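What TrEMBL records for 217, 218, 219, 220, 221, 222, 223, 224 is ATP binding site. The domain 'FtsK' feature in TrEMBL is assigned to 200-383. Sequence annotations record features per position, and here TrEMBL assigns transmembrane segment to 21-43, 49-71.
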């Protein structure tokens with residue numbers, strides 16, 4: 001039966017009524033019968049002919065109005081309601097068990113048999129103005145594997161994109177009823193609120209809690225625009241930004257921006273120097289601010305320290321091209337920054353064109369709090385970026401479209417990077433730096 005659960009979830013199973021009473025035609029018939037009885041009672045009390053006509057016309061209006069309102073109410077609130085669609089999902093996929101039971105015998109002594117539902121999957125839902133949550137309970141039964149493997153079917157039924165929150169006891173499918181929108185940066189980037197990076201209208205994260213980043217994308221995927229946007233966001237925070245661009249591509253041109261002259265490097269030895277410098281900043285901050293018990297639970301924000309960010313483009317290409325001694329030294333610095341840098345405000349943004357697990361293993365990848373995969377990617381790239389995942393990735397045709405996973409915000413979800421048409425990145429960066437001086 002249908003019943004309210006804690007947190008205002010509603011339960012649906014094969015045992016639930018196919019149609020709740022208030023949506024049944026029999027309910028309409030009962031209401032019309034009551035109206036007819038009231039009409040006949042009133043008519044019986046009247047003697048004036050004019051009043052008879054008035055009451056009859058009023059009854060006709062009430063009769064037709066009741067039918068119309070019921071039909072519209074049923075169509076609007078039932079036929080495409082979550083309850084109805086989930087009930088249909090259970091029936092169409094036979095998510096229940098039946099057995100034939102003998103109810104007794106008829107007048108001829110023959111057994112009267114009937115199919116009876118004995119077991120069923122139990123699905124809950126909760127609806128708010130912004131989202132619909134479908135919850136599968138994991139009861140260790142035959143439908144346990146279905147709990148986190150129904151993304152495609154449910155997305156097709158509800159016509160909405162979904163994200164998954166997979167718990168030990170249940171799996172939530174979260175459907176956004178209000179679609180997210182990408183940011184448009186024709187007139188500058190959104191003003192940064194403290195240490196928060198606004199990714200889309202609905203997605204954001206705080207770098208003081210979610211540290212480091214990984215971006216993977218082929219040429220033409222929108223990777224450069226995404227990194228440029230993150231550089232601007234860090235600049236708004238007053239961050240000290242370093243750039244390592246071993247291929248001397250677009251990011252190397254930042255060396256012509258005031259304040260970046262000595263912080264943009266391309267040569268292997270210079271990249272090692274920058275990594276060493278950022279690591280020394282981290283270690284110095286640790287000794288000065290985090291070596292006493294009073295610093296427990298604090299971060300760089302509590303000490304009003306600016307973030308220090310190293311943007312490392314084509315990281316894999318650099319590691320493979322540098323000599324072994326230098327690459328080993330750089331990897332040592334990188335490991336130290338990624339594992340210890342969050343509290344000290346020292347972050348790394350790693351950019352890869354192609355995934356390479358021999359360069360960035362799973363243990364290190366999982367320390368990168370914001371991971372983005374742009375463009376249509378192979379299974380290898382998806383695994384490299386996100387690890388094992390139950391999210392079905394769709395083919396992407398929009399430049400700047402991809403998937404993002406942020407620590408503490410569930411599994412990866414589709415997003416589109418900020419749109420920068422007719423946007424002067426260098427001019428905007430110089431403007432931000434000038435305003436902060």
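Glycine is treated like the rest: Cβ placed from N, Cα and C.
TrEMBL feature annotations superimposed on the structure.
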| residue | record | CB count, 10 Å |
| --- | --- | --- |
| 217 | ATP binding site | 25 |
| 218 | ATP binding site | 13 |
| 219 | ATP binding site | 8 |
| 220 | ATP binding site | 10 |
| 221 | ATP binding site | 24 |
| 222 | ATP binding site | 24 |
| 223 | ATP binding site | 23 |
| 224 | ATP binding site | 20 |
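Those residues of the chain, other than 217, 218, 219, 220, 221, 222, 223, 224, with a C-beta within 8 angstroms of the mean position of the ATP site C-beta atoms are 353, 374, 375, 399.
For the domain 'FtsK' (200-383), the model gives a mean pLDDT of 89.
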